[in-house]
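Contents: one structure, followed by commentary.
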Amino acid sequence: MAAARAVARDPGAYARQPPSLRAARLPRLLFLLAVVAAVGPREGGGARLYREGSDAVWLLDSGSVRSATGNSSAAWLVQFHSSWCGHCIGYAPTWRALAADVRDWAAAIRVAALDCAEEKNQDVCRTYDIHFYPTFRYFKAFTKEFTTGENFKGPDRELRTVRQTMIDFLQNHTEGTWPPACPPLDPIQSSDILSFMDSHSGQYHAIVFESNGSYVGREVILDLIPYENIMVSRALDTDKAFLGTLGITSVPSCYLIYPNGSHGLVNVAKPLRSFFSSHLKSLPDVRKKSLFLPEKSNKEEKSEVVVWKEFDRAKLYTADLESGLHYLLRVELAAHRSLAGAQLKTFRDFVTVVAKLFPGRPAVKKLLETLQEWLANLPLDKIPYNAILDLVNNKMQISGIFLTSHVKWVGCQGSRLELRGYPCSLWKLFHTLTVQASTHPEALAGTGFEGHPQAVLQAIRRYIRTFFGCKECGEHFEEMAKESMDSVKTPDQAVLWLWRKHNMVNSRLAGHLSEDPKFPKVPWPTPDLCPACHEEIKGLDSWNEGQVLLFLKQHYSRDNLVDAYSVDQGSPGEWEAQGREQEEGKGLNPSGKSWRHHDTGSLRPPHILGPRTDLSKSLHHRLDLRLQSPQGPQALKEAKAVVPFLGVGFSSLDMSLCVVLYVASSLFLMIMYFFFRVRSKRWKVRLYHPAV
């Protein structure tokens, strides 16, 4: 087991062992790794930023967010985040600390998180209009109608600020939506306090005196929600004479009425919320009560084991570029229900640049070119995202186009699943585009971008500003672009500009929680990759930018692309994985439909699918399986709708519409023919012969 852990901790250690030793240990290591994978959790192996059991954060997903926030007896504060977003990774400790800090408030308001990076959650994130990460939404208690929530409004996202805005949000509840477990948060009057002193209720009653802008009293009230035999209220320091009779000389102060009717000041070392709450919780007979909360798992979920792929850092891997395109087109873009106006133009320009300059495999390049031509010729100002998805998924079964349907990081893999990945692949794609524009400027001929050295950079800039999920990352890139992008005058300068800015980002993020310890963010290329790129001037390490440019053009060239680990168009693993996902219900949106085309074979070019009769048999086989399901007749209707007509890929509904359109067009032409025939008789010139 120790050997297996060592391999998992240092993937390169096994490769450094002598061949004879590796051969001797290989069977035992493979067995141990299989056992470890079966056992489950691996330290730091999970891609989620928050974990059931170990964190106080309530974890939601596409199947639970509506039921949790809809008509709930408590309010909710939900963070919609992405596990690859650097800012989300950096903010995760604050969110965990907040959830732990207000754990006792759960009967009134709960702190939750939903990961939009998971493909199964992409539809629900689009439904809630989540375009950037992290996004914070409040949901009121007892909300019967569907709502996307209220946006967080605060000067910053520090723990104290968010905690105080949670209190403000609670106080905005009306009487009909007030969480029943939440005590009153408004201040009481001096007369109320006097009546409490005379009532002898048989339980403790604490009153926190504070200034008008203080939150200490309300925080203590919420801290004591789960405790019985005590009641907490707050009062303002406006009645100075009354405070003097109670012996209160400063605020905040806590005054306690005991069950026997006696009363006096609470003596604590510091007038802080934690001191007041701790003292009140420790009083005799004050104990936690049973609260009926939704079931929350205390079991730590199993994490996926990272399967390491050996790779050469001097190479560029097709799998990284294609996985990035898959995530961009099928997940990130899915946050937008439709594209119109400036958004559509930004996407159209970006796709044009990628389609013309992408140096990858022909099937992927053809898909991008097909998408670009379709967008360019589309006479619409607004298009739904699903139309783009249908083309990317090759719903019309166009021959020879393909894009992998899942991510497989190689040069962008991280030591943990949430590290590197998509942001790394985007950087590689952007560098590749600038290099290809410099080395093959003729590729942009006829696009309107030819002769514009900033064209690629501007397309990248607008894409990041409009679509990239990490809002803070996009803002930083926009700042860099405003600062110096206008200085780019040649395609070579564009290559170097992006390289410099990438190194600036690495320098800023060095030591950040999003940094992978196995891939430290250091100036790139490192001396071992490009010795000629580094030189010493007056004792300082400096860049030889001429050599850097040569290195970048070589590194991001087509000749340096490696297809190892890339999914083949006819790869059984690709389609077996999709079949398993369909059977197990993985990757489904809340409505139960897969994000892929119903016919998984439609992702494969027809010449790989085999004869059309095989396709029809496959569809009818799936139809038979669905007829055996509980859905019965409804499944029959749905399945019939996707059976190709005459093997062309059109459904029966499509063909019915075509027939109706054909008949209507014929009738229209016939009517127009007879109309003009009659009119033409009136237009004929009649010749009259003069009478003699």
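Heads up, the Cβ atoms here are built off N, Cα and C, so glycines get one too.
These figures come from a predicted structure and were not determined experimentally.
Quick look at what Swiss-Prot lists:
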- Cys85: active site, nucleophile (ACT_SITE)
- Cys88: active site, nucleophile (ACT_SITE)
- Arg420, Trp427, His431, Glu472, His476, 499-506, Lys521, Trp524: FAD binding site (BINDING)
- 577-586: compositional bias 'Basic and acidic residues' (COMPBIAS)
- Cys85-Cys88: disulfide bond (DISULFID)
- Cys116-Cys125: disulfide bond (DISULFID)
- Cys412-Cys424: disulfide bond (DISULFID)
- Cys470-Cys473: disulfide bond (DISULFID)
- Cys530-Cys533: disulfide bond (DISULFID)
- 54-172: domain 'Thioredoxin' (DOMAIN)
- 415-524: domain 'ERV/ALR sulfhydryl oxidase' (DOMAIN)
- 568-607: region 'Disordered' (REGION)
- 1-38: signal peptide (SIGNAL)
- 656-676: transmembrane segment (TRANSMEM)
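A sphere of 10 angstroms centred on the C-beta of Cys530 (disulfide bond) encloses 20 other C-beta atoms. Neighbour list (Cys424 (disulfide bond), Cβ cut-off 8 Å, at least 6 residues apart, same chain): Asp320, Trp409, Gly411, Cys412. Helix, strand and coil content of the domain 'Thioredoxin' (54-172), in residues and according to DSSP, is 46 helix, 25 strand, 48 coil.
With respect to their backbone Cα atoms, Cys88 (active site, nucleophile) and Cys470 (disulfide bond) stand 8 Å from each other. Cys412 (disulfide bond) falls within neither a helix nor a strand when secondary structure is assigned with DSSP, and so counts as coil. Of all the disulfide-bonded residues listed (Cys470, Cys473), Cys470 sits in the most crowded Cβ setting, with the most other Cβ atoms within 10 Å. Cβ-based neighbour count (10 Å, all protein chains) for Cys116 (disulfide bond) stands at 29. Note on proximity: of the recorded positions Cys85, Cys116, His431, the one nearest Cys473 (disulfide bond) is Cys85, by Cα distance.
Of the recorded residues, Cys125 (disulfide bond) and Cys85 (active site, nucleophile) place their C-alpha atoms 15 Å from one another. Secondary structure from DSSP puts Asn506 (FAD binding site) in a helix. The most densely surrounded of the binding-site residues Arg420, His431, His476, Arg500, His502, judged by C-beta neighbours within 10 angstroms, is Arg420. The CA atom of Trp524 (FAD binding site) is located 21 Å away from the CA atom of Cys85 (active site, nucleophile).
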